[in-house]
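Residues or ranges marked as domain 'Major facilitator superfamily (MFS) profile' in TrEMBL: B:24-415. Feature annotation from TrEMBL assigns transmembrane segment to B:21-42, B:62-81, B:93-110, B:116-140, B:152-173, B:179-203, B:236-257, B:269-289, B:301-319, B:325-345, B:357-379, B:391-410.
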Amino acid sequence: MTGRVVGAIALGLLASLMLVSLFLGYTNPVMTLSLDRLSVCF
Amino acid sequence: MTREAPTQQAPARGAPAGDRWATARLMLVAGSLILAISLGVRHSFGLFLTPMSLDSGWGRETFAFAMAVQNLVWGVAQPVAGLLSDRHGAGRVILGGGVLYAAGLAVMALPQEATLFTLSAGVLIGLGLSGCSFPIIFGAISRAVPADRRSLAMGISMSVGSFGQFAMLPLVLPLIGGIGWSSTLLVLATLAALILPLSLALAEGRDAAARPVGAPEPTGPTARQAIGEALGSRDFWLLSLGFFVCGFQVVFIAVHLPAYLQDQGLPPTVATTVLALIGLLNIAGTYLAGVWGGRHRKPMLLVGIYLARAAAIAAFVMLPATPWSAYAFGVTMGLFWLSTVPLTNEIVAAVFGVRNMAMLGGVVFLAHQIGSFLGGWLGGIAHDRTGSYDAVWWIAIALSVAAAALNAPIRETPLARRQAAGAAA
């Protein structure tokens, strides 16, 4: 039971770290310079 | 004429319940990964505009035209792909879609002229997308999971697909910078080729959905009957018109929001942050839509989503534009971004049954794509003629209120049950 909780917390932290890293990827200067290209992504 | 109500059970084909659930979970995982790949790769195409156009000596129009063709081909081909999926099983259609998708990306990677680019990026990938996007995946998953878990399953798979969209841009951009656009497209073609083995997990027998345990012949309406019933159903039209509005708003905002924020004097970093917030919150929004769709009336949830969008857009355009008002708009719109997708498809499944779901979901999606086309286009026209997006923002608000009104009277009762009740009366 404890192992599951620890595993879930570890997975949650890992997922959060990944999402934050990806989010920061959007705010880097290269992405900002590419703003005009993002408009045809959707 | 009446017919038997669609089965509310998973499409058991002689397997014990435990095995069926294991198969359903495998289908959910594979289907979600396919959505993450197919939607994610497509989401990154805009990043190729400048490097490909520069190297090939094109103006922006060539690239944009191919993307517009892709969206139209995707929308028009979706009902046909859905029909094939309902008839021959999702696995075969996803396999074909994956082959076309990967081939389209590989051809895109070659040095080329505009016509070949339109054929690869527009036609091949548009067809490929129709074979491995959500109407096909939702159709297969809906046939595999019990009715009471269907909404959750759609929410989970759409959420993973949304994650693919969110993750792909920051991953692809440095790749283009590091190895060039051509090699990056080959990497994406390899990624798309992973759809092929994943499609095996979604293999269904011929007419699998229509054949419950022990039934020697398929039950439920044929494709021709189903499309006739759907087009004759007020609820189907209301649902499709509502989804048209979703497409209009999403593409208008995604395409024109950065320029709008720039017009308001905000720096480009605000626009990228807002787009990132929309992508991030969309992951949560689609999942929550799946969870709530299993507990509440789905048409009323759609009413709430469209009213919330109307309120968010109205507040955004009426309040002074600041970075924080833009971020608040991004968070709100992200939560209600693609959350309409699982709910809309779940209503199709609930009312019309799962046998022809991929085809009918494809028809509803065609309405979405027409809205997308108009949302992107009208934004440009309005800005060119008036120098402002104000008129289109107010159109988006009015359409949102209209979509809420359209979804409110939709009934979730299975059509077959209504017909049976009508015949008995």
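Keep in mind that glycine also has a Cβ here, set from the backbone N, Cα and C atoms.
Note: the stretches the transmembrane segment (B:269-289) and the transmembrane segment (B:179-203) are not in contact (fewer than 3 CB pairs below 8 A, sequence gap of 6 or more). When the stretches B:62-81, B:116-140, B:179-203, B:236-257, B:301-319 are ranked by Cβ pairs under 8 Å to the transmembrane segment (B:21-42), first place goes to B:179-203. Packing against the transmembrane segment (B:62-81) from elsewhere in the chain are residues 42, 45-46, 48-49, 52-53, 56, 93, 97, 114, 117-118, 121-123, 125-127, 129-131, 133, 135-136, 358-359, 362-363, 365-366, 368-370, 372-373: each is 6 or more residues past its ends and has a CB under 8 Å from a CB in it.
The stretch from B:116-140, B:236-257, B:325-345, B:357-379 that makes the most Cβ contacts under 8 Å with the transmembrane segment (B:391-410) is B:236-257. Comparison of B:93-110, B:236-257, B:301-319, B:325-345, B:357-379 by number of C-beta pairs under 8 angstroms to the transmembrane segment (B:179-203) places B:93-110 first. Tertiary neighbourhood of the transmembrane segment (B:236-257): same-chain residues 230, 271, 274-275, 278, 302, 306, 309, 313, 333, 337-338, 340-341, 344, 347-348, 351-352, 360, 363-365, 367-376, 378-380, 383, 389, 392, 396, 399-400, 402-403, 406-407, 409-410, selected by CB-CB distance under 8 Å and a gap of 6+ residues from either end. Long-range Cβ contacts of the transmembrane segment (B:93-110) within its own chain (Cβ-Cβ under 8 Å, at least 6 residues beyond either end) map to 34, 38, 41, 48, 81, 84-85, 116-117, 119-121, 123-125, 127-133, 136-137, 182-183, 185-186, 188-190, 192-193, 195-196, 198-199, 202, 358. A mean pLDDT of 89 is what the model gives for the domain 'Major facilitator superfamily (MFS) profile' (B:24-415).
Beyond its flanks by at least six residues, the transmembrane segment (B:325-345) meets 134-135, 138, 142, 151, 154-155, 157-158, 162, 239, 242-243, 246, 250, 253, 261, 266, 270-271, 273-282, 284-286, 288-290, 293, 298, 301-302, 305-306, 308-309, 312-313, 315-316, 319, 357, 361, 364 of its own chain at Cβ-Cβ distances under 8 Å.
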